[in-house]
Amino acid sequence: MTDLHTDVERYLRYLSVERQLSPITLLNYQRQLEAIIHFASENGLQSWQQCDVTMVRNFAVRSRRKGLGAAGLALRLSALRSFFDWLVSQNELKANPAKGVSAPKAPRHLPKNIDVDDMSRLLDIDINDPLAVRDRAMLEVMYGAGLRLSELVGLDIKHLDLESGEVWVMGKGSKERRLPIGRNAVAWIEHWLDLRDLFGSEDDALFLSKLGKRISARNVQKRFAEWGIKQGLNNHVHPHKLRHSFATHMLESSGDLRGVQELLGHANLSTTQIYTHLDFQHLASVYDAAHPRAKRGK
């Protein structure tokens, strides 16, 4: 085993023992670092001390020429930077040779939104089954508030203020925000809460699976896709498409970009991390005036 391999093995043990990363994450790191080991060996390197920024750039170019996409290259360089940072912390390197090397930005492909008529058709589902009531409530909340999938499945009953028509969500970066959800969503949440105890009452989660546990993201994706087919929509229905539709419809109706951005938990629609700070009353007024389905009761 070369010094290149030895250092990587030490780093992976550190990630496993000290950082307690999951096996899947460890495997991803291992794959990315094996690629740089192979490239470094081909170029005659015996140790990481011989690696410089030129070699890292050449490695990035080679990876792209072999068909690695922009997102994949960004992941690979991120793993490499983290590894070299660790070597610096261990006094094995004086500086991180990958620090100034960045991957080209991956183009953003926003999903096609569902138009208002198709959204009405999607939401007009048969509610004879309690699980259908739950799904209708999830669809209404997802579209009514533009939630991320993780925010939807993470909702607890305590996060609701149905009298005010509001919900608290924990977004990316543990940023909490209060959102209006509209009277349609409130009505369907109340309908679901009347049936929820059929599946279990011990879990704090708002939305439960048929086994009485917090519903999983995969289950939500599956159910939404099934409803899209049942309701005759031409496009595949998935949670992010509802979030995108929320944003599109709100912007078309209001033109208030900053208000919609705040409702989404973004500084802008390209999901940059610069947050604006609008007061909640303004957000509520934007919502009340613009959303095509979920105008709140006063």
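For all residues, glycine too, the Cβ spot is worked out from N, Cα and C.
Copied over from Swiss-Prot, here are the features:
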- 2-88: domain 'Core-binding (CB)' (DOMAIN)
- 109-288: domain 'Tyr recombinase' (DOMAIN)
- Arg148: active site (ACT_SITE)
- Lys172: active site (ACT_SITE)
- His240: active site (ACT_SITE)
- Arg243: active site (ACT_SITE)
- His266: active site (ACT_SITE)
- Tyr275: active site, O-(3'-phospho-DNA)-tyrosine intermediate (ACT_SITE)
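Features as recorded by Swiss-Prot, highlighted on the structure.
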residue: Arg148; record: active site; DSSP class: coil
residue: Lys172; record: active site; DSSP class: helix
residue: His240; record: active site; DSSP class: helix
Exercise. Listed active-site residues are Arg148, His240, Arg243; which of them have CA atoms within 10 A of the CA of Lys172 (active site)?
Worked result: Arg148
Exercise. For Arg148 (active site) and Arg243 (active site), what Cα-Cα distance in Å is obtained after rounding to a whole number?
Worked result: 7
For this session: Would you find the one among the active-site residues Arg148, Lys172, His240, Arg243 whose Cβ has the most company, meaning other Cβ atoms within 10 Å?
Result: Arg243
